[in-house]
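Quick notes on the structure that follows.
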Amino acid sequence: MNKIVLYLLIYVGTFSAAYDLLKAPSYFEDFLHNFNKNYSSKSEKLHRFKIFQHNLEEIINKNLNDTSAQYEINKFSDLSKDETISKYTGLSLPLQNQNFCEVVVLNRPPDKGPLEFDWRRLNKVTSVKNQGTCGACWAFATLGSLESQFAIKHDQLINLSEQQLIDCDFVDMGCDGGLLHTAYEAVMNMGGIQAENDYPYEANNGDCRLNAAKFVVKVKKCYRYVLMFEEKLKDLLRIVGPLPVAIDASDIVNYKRGVIRYCANHGLNHAVLLVGYAVENGVPFWILKNTWGTDWGEQGYFRVQQNINACGIQNELPSSAEIY
């Protein structure tokens, strides 16, 4: 056998999980079992299979074309891209230019910092969470940043209450969407944020049950950053801490592992937490914490190539807050 052909067969078979579109019916039955899926009717099952088949074709194509990342059948594979975005993200777009937070312009070239940096290695990032079908990514990303700020300042990890933001933030729209910097504004207006244990996550809009006596974090000031260079995020990340950023999530839905090189940039719809950066096989990348549980991606994280505005990571101003 030709050595090149043999290499390609081994490479594709290893990296793409050797999915075969002709085996879609068999994969679908395995999917139903593995993810405990049940449908209300035969017509609904057929509808979901057609979506699954379309997603499988996309997964196969991505595994062939984006050779530094791997994509797989996962819990979202019977949902259309629009369904996944509408149910499992939640970033809104501002109707006007809102600058409650102080705007800082960073127009100098990036410093010569370390090639790799990861706040997780310093134990300053809380565990991966799962927002479920509540569109509150904005709350998770913002509070993820505050959790890290608290850990940096007090050397202690604490989980904050996304549910408090969902119920009591009247600037944003709870499970129907919100913004990153306005979430900081809401925490400042409320006077603080409670721990998750005191105000547990329910994944739906509820009545505000604020208890100021149980605030564990209070926000002094918030900032938004204008970056002339995407690489400047490295300096900001090291100096400030993990940063909530906005992305287009449509191309990460079926992600499994690796560095994403090709990622849609058609409109921001999701918020995630930037926690680090590194280099793999000569390709620099960002490390991002998602809110789709540890059974997605790299134990809940994903990586995208730097300096190509992957997933639109540079389209919206990153933000941070200073805590008391």
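Using N, Cα and C of the backbone, Cβ positions are placed for all residues, glycine too.
For C168, the partner cysteine in a disulfide bond according to Swiss-Prot, taken from C101, C208, C222, is C208.
For C134, the cysteine that Swiss-Prot lists as its disulphide partner among C101, C137, C175 is C175.
When you check Swiss-Prot, the disulphide partner of C263 from the set C137, C311 turns out to be C311.
Checking N65, N159 against Swiss-Prot, you find N-linked glycosylation site recorded for N159. Looking at C134 (disulfide bond) and H270 (active site), their Cα atoms lie 12 Å from each other. Sequence-distant contacts of H270 (active site), defined as residues of its own chain at least six apart whose C-beta falls under 8 angstroms from its C-beta, comprise I85, T89, G90, L91, C137, A246, I247, D248, A249. Taking the recorded positions N159, N290 in turn and counting surrounding C-beta atoms within 10 angstroms, the largest count is reached at N290. Of the recorded residues, C263 (disulfide bond) and N290 (active site) place their C-alpha atoms 15 Å from one another.
Around C175 (disulfide bond), the C-beta neighbours below 8 angstroms that are at least 6 residues distant in the chain are G90, C134, G135, A136, I166, A203, N204, N205. Per Cα geometry, N290 is the residue among the recorded positions C168, N290, C311 nearest to N159 (N-linked glycosylation site).
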